[in-house]
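Here's what Swiss-Prot has on this protein:
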type: BINDING; residues: Asp81, Asp123, Lys124, Glu499; note: Mg(2+) binding site
type: BINDING; residues: Cys122, Cys195; note: [2Fe-2S] cluster binding site
type: MOD_RES; residues: Lys124; note: N6-carboxylysine
type: ACT_SITE; residues: Ser525; note: active site, proton acceptor
Amino acid sequence: MPKLRSATSTEGRNMAGARALWRATGVKDNDFGKPIIAIANSFTQFVPGHVHLKDMGSLVASAIEEAGGIAKEFNTIAVDDGIAMGHGGMLYSLPSRELIADSVEYMVNAHCADALVCISNCDKITPGMLMAALRLNIPVVFVSGGPMEAGKTKLSDKLIKLDLVDAMVAGADSNVSDEDSAKIERSACPTCGSCSGMFTANSMNCLTEALGLSLPGNGSMLATHADRRELFLEAGRRVMALAKRYYHQDDESALPRNIANFKAFENAMTLDIAMGGSSNTVLHLLAAAQEADVDFTMADIDRMSRLVPHLCKVAPSTPKYHMEDVHRAGGVMGILGELDRAGLLHTDVFHVAADNDGTPGSGTLKSVLAQYDVMQTQDEKVKHFFMAGPAGIPTTKAFSQDCRWPSLDNDRQEGCIRSREFAFSQEGGLAVLSGNVAENGCIVKTAGVDESNLTFIGSARVYESQDDAVAGILGGEVVAGDVVVIRYEGPKGGPGMQEMLYPTSYLKSRGLGKACALITDGRFSGGTSGLSIGHVSPEAAAGGTIALIENGDRIEIDIPKRSIKLAVSDVELNARREKMHSLGPMAWKPIGRQRYVSLALKAYAMLATSADKGAVRDRSKLED
């Protein structure tokens, strides 16, 4: 029988000092011997997705203590990618994922916690906590802050739905008046919560449901809705049930590595492809798989992308639907139900929401779908749950409204979620391309690519940084038919693998959204759409071919054939490579780029791998 980890610091005379300190935190005599549950919160006033999380730890703690545990809360950092975007702050976003993972590991292991509840929400916080949870392999439940309501405003007497990307595009579009731009800006992000489309934060929170580590509704229930309160309380109850199963019954199926196994990672990627999730999810799933010792690679993603249809289309891929609409259609469980009926899902995997013979968290995804898939459930409470809707009232407060849609969206032919027969497309929303530009692959969010752009041939317009590319786009240097190449923005070369939302937004605002392509060894915001190809691996700083592209080179992109090719002979490429090597210490470095890189970022860059490995640390440099 596994012994409580916390016994290390609570049992025996030699731990009298530790017990004295525990007592100073509020632990009583009769508490010693109970499991200590760490609550990793991420409250901050910097981030709308986290501004409402201050009291969520106390809510979870109340359920833990009622179930017989000791709850101890701590906080991690949280970077807002939207606020950090477009300047040097974006260099810190992806590296913050590793810091979050490490900080959770440090706190949990330093204090010998027995189990963990992760309260996350935005772009790098959920992935960082996921990496830590799988690294630690102690009972865990995830519960996020939830998505914000979609913005709404009237323009030219027409009511339109908005999100963050609309504000960015309007701000850069000279055809939009100052008055309309300001109106869009003020309406785009009306409430607390993660940005309202299928951007990175919401994509990752949805994927925790598919991995089996969070409760139904986690990825789609609005941050403002009163029903979300129960998710926090149930997370506390569930983690205690998992802890008791593991420590009292020696049931290893309660551990995250046995829940989030290879099949669960396939389920998560299947969901991601079907819902056209952010391309960043590829990066984070690859990183999480390594922490779980699961052999899940780009090859698996490529294989699955050819099999899974696109069943759910959400902003930024369409202005019609946002996360509140996904929830109305049944949320993640609604999409998984359609995937199951299409024969594309493993339903024999464990799930924290599944009960078996009255034992919480001991059943499989099959039983979760039977209860929570709105197309098959007979539970009226579940249907009521998925009818939770927006109030349309600006607020930073959680659980501030209890509005309901008049009905569920069960239209699987023309609704937000489709059946396989009526899919938006029979190939999914993400694809892996490869070729001499990206020998180890690159990623495109096909859900956001217009059909006319599925194949594209153009001339390279090369930039050594995102800043230079933005200047080139806004300055009129980029013209129709160009393939904008932004390099040395990968994990090592940036460092930090910046998001390229501003270049893609500015291409749209200049009327070039369908007339140009963009490729980069950096990454894209979940808010990106258009022919935007990121994660080029190997990156330029690691000797990738993207570093050898020259202005005017012909680049051929063929998404149906999963191909990206630089139309330059091998002889010429070898000559360019030799020339690069001849530069010695200056080889594989950007030409003329002026950028301050702090010591902290240099430390990250020293160990960073390319995107095809999840941009995680190169373990070979750390092992003896």
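Just so it is clear, glycine is given a Cβ too, placed from its N, Cα and C backbone atoms.
Structural mapping of features recorded in Swiss-Prot.
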| residue | record | DSSP (3 states) |
| --- | --- | --- |
| Asp81 | Mg(2+) binding site | helix |
| Cys122 | [2Fe-2S] cluster binding site | coil |
| Cys195 | [2Fe-2S] cluster binding site | coil |
| Glu499 | Mg(2+) binding site | strand |
| Ser525 | active site, proton acceptor | coil |
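Within 10 Å of the Cβ of Cys122 ([2Fe-2S] cluster binding site) there are 28 other Cβ atoms, across all protein chains. Taking each Cβ in turn and tallying the other Cβ atoms within 10 Å, the top scorer among the binding-site residues Asp81, Asp123, Glu499 is Asp123. The Cα of Glu499 (Mg(2+) binding site) lies closest to that of Ser525, out of the recorded positions Cys122, Cys195, Ser525. Its Cβ taken as reference, Lys124 (Mg(2+) binding site) is surrounded by 30 other Cβ atoms within 10 Å in the chains shown. Cβ neighbour count for Ser525 (active site, proton acceptor) (all protein chains, 10 Å cutoff from its Cβ): 30.
Only Asp123, of the binding-site residues Cys122, Asp123, Lys124, Cys195, have a C-alpha within 10 angstroms of the C-alpha of the residue listed as 'active site, proton acceptor'. Reported as a whole number, the C-alpha separation between Lys124 (Mg(2+) binding site) and Cys195 ([2Fe-2S] cluster binding site) equals 14 Å. Compute the center of the Cβ atoms of Asp81, Asp123, Lys124, Glu499, which mark the site for Mg(2+); besides them, the chain residues with Cβ within 8 Å of that center are Val79, Ala84, Met90, Ser93, Leu94, Cys122, Thr200, Ala201, Asn280, Ser525. Separation of the C-alpha atoms of Cys195 ([2Fe-2S] cluster binding site) and Asp123 (Mg(2+) binding site): 10 Å, rounded to the nearest whole number. The local packing around Cys195 ([2Fe-2S] cluster binding site), expressed as other Cβ atoms within 10 Å of its Cβ over all shown chains, amounts to 32. Asp81 (Mg(2+) binding site) sits 8 Å from Cys122 ([2Fe-2S] cluster binding site), counting Cα to Cα.
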